[in-house]
Amino acid sequence: MAEPVQTPQASFPPRIFSGIQPSGGLTLGNYLGALKRFVEKQEEGIETIYCMVDMHAITVWQDPEKLRQQTREGAAAFIAAGIDPARSILFNQSQVTAHVELGWIFNCIARMGWMSRMTQFKDKAGKNSENVSLGLFAYPSLMAADILTYKATHVPVGEDQKQHLELCRDIAIKFNNDYGVNFFPVVEPVIEGAATRVMSLRDGTKKMSKSDPSDQSRINLTDDADTIAKKIRKAKTDPEPLPDTLDGLKDRPEARNLVNIYAALAGHTPEQVICDYAGAQFGTFKPALADLAVAKLEPITLEMNRLMQDPAEIDRILGEGAARADAIARPIVDQVYDIIGMIRSRR
Ligand code: TYM
């Protein structure tokens with residue numbers, strides 16, 4: 001094995017990559033924890049690459065027609081939320097084969113012990129771990145490949161992806177050390193803002209998720225204004241009014257969640273929200289939150305619906321994005337083959 005080398009990060013130009021699974025409808029959690037922040041990064045003028053990770057989605061069985069539909073719907077959500085396909089690269093993962101090629105190589109870099117510690121695998125597999133796909137176990141190694149096939153340096157995600165990004169860092173460091181190169185950057189997770197972990201509307205200790213059996217637990221980006229308002233009005237809370245400091249929300253997960261959602265939607269800090277609503281009952285706060293949520297989400301839902309009228313145009317955008325993504329990823333993966341000693345003589 002080659003001598004370990006230090007990876008000087010300064011040598012990698014900033015580039016952002018992130019992805020969303022098209023494994024169901026998108027939720028307010030996806031919007032606040034990911035999509036909204038993807039748009040902010042695009043507006044900061046950094047190179048941004050965003051992906052519908054369809055190869056990740058099939059780690060659990062997907063109905064083929066629904067998968068196509070959900071991939072298009074996800075892409076429509078990106079665009080409706082403000083991603084401009086001319087300024088950001090927007091594509092679906094399976095159209096750029098570099099991801100799975102590097103994914104296999106990383107399966108040979110990542111250690112079983114590292115993978116076995118992934119809490120999301122344990123949560124998803126539950127008691128059924130003998131019966132889930134091998135792909136579900138290897139999932140985080142493909143995720144590292146998604147990022148590193150572009151030598152991305154920054155990855156905006158919600159809190160739940162933190163451990164996967166730590167694994168991505170370990171894989172980059174081990175690859176660099178094993179081959180005595182300074183080839184891959186050690187990525188920075190970008191987990192920021194008031195809504196890095198949006199919680200269920202029915203249980204403030206559980207993450208808001210598309211896989212929760214109760215539709216009341218989440219706001220879907222496809223929900224209409226009435227449904228959004230109803231779900232917020234029915235959200236679980238406690239009988240106390242809102243406190244006048246954030247500390248007062250410490251043992252009130254549901255109240256804390258609604259304050260965080262308000263802050264993220266309004267572009268304020270949770271402190272500002274507490275300041276504005278100190279002493280307010282939920283009878284006052286919930287309607288204000290419902291109005292704000294509808295005002296912010298309804299235009300996105302309407303635009304998504306409009307874009308979904310023309311699936312061929314969405315497919316065209318994804319195809320064009322894939323060609324641009326491939327132009328970056330291909331040479332990087334070709335260099336990896338050289339580094340690891342593969343003969344490349346095919347004409
Ligand atoms: P996924 O599809 O589960 O979620 C997409 C993004 O939404 C964020 N998110 C949330 N943020 C705040 N509160 C919530 N309740 C909430 N639910 C979801 C997630 O943190 C994520 O940022 N493994 C990834 C997809 C992926 C990826 C990548 C991400 C594949 N390759 C490379 C970044 C880079 C996933 O399953 O996300």
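Every residue gets a Cβ built from N, Cα and C, even glycine.
Under the three-state DSSP scheme, Lys210 (ATP binding site) falls in the coil class. When other Cβ atoms within 10 Å of the Cβ of Lys210 (ATP binding site) are tallied across all protein chains shown, the result is 15. Marked as ATP binding site by TrEMBL: Gln21, Pro22, Ser23, Gly29, Asn30, Gly158, Glu159, Asp160, Val198, Lys207, Met208, Ser209, Lys210, Ser211.
Under the heading motif ''HIGH' region', TrEMBL lists 22-30. Same-chain neighbours of the motif ''HIGH' region' (22-30): 52-54, 56-57, 60, 62, 67, 70-71, 73-74, 77, 92, 158, 195, 197-198, 207-211, 218-222, 261, 293, 297, counting only residues six or more beyond its ends whose CB sits under 8 Å from a CB of the stretch.
Cβ neighbour count for Asp146 (L-tryptophan binding site): 27 (other Cβ atoms within 10 Å of its Cβ, all protein chains included). Under the DSSP three-state reduction, Asp146 (L-tryptophan binding site) is assigned to helix. Residues or ranges marked as L-tryptophan binding site by TrEMBL: Asp146.
Listed by sequence, the residues of this chain that lie at least six past the ends of the motif ''KMSKS' region' (207-211) yet keep a Cβ under 8 A from its Cβ atoms are 23-30, 160, 197-201, 217-220. According to TrEMBL, the feature motif ''KMSKS' region' maps to 207-211.
For the pair Asn30 (ATP binding site) and Asp146 (L-tryptophan binding site), the Cα-Cα distance reads 19 Å. Cβ neighbours of Gln21 (ATP binding site) (same chain, under 8 Å, six or more residues apart in sequence): Met52, Val53, His56, Ala57. If you take the Cα of Ser23 (ATP binding site) and the Cα of Asp146 (L-tryptophan binding site), they are about 17 angstrom apart, rounded to a whole number. In this structure, Asn30 (ATP binding site) is part of a helix by DSSP. Counted over every protein chain shown, other Cβ atoms within 10 Å are most numerous around Asn30 among the binding-site residues Ser23, Asn30. For the pair Asp146 (L-tryptophan binding site) and Met208 (ATP binding site), the Cα-Cα distance reads 24 Å.
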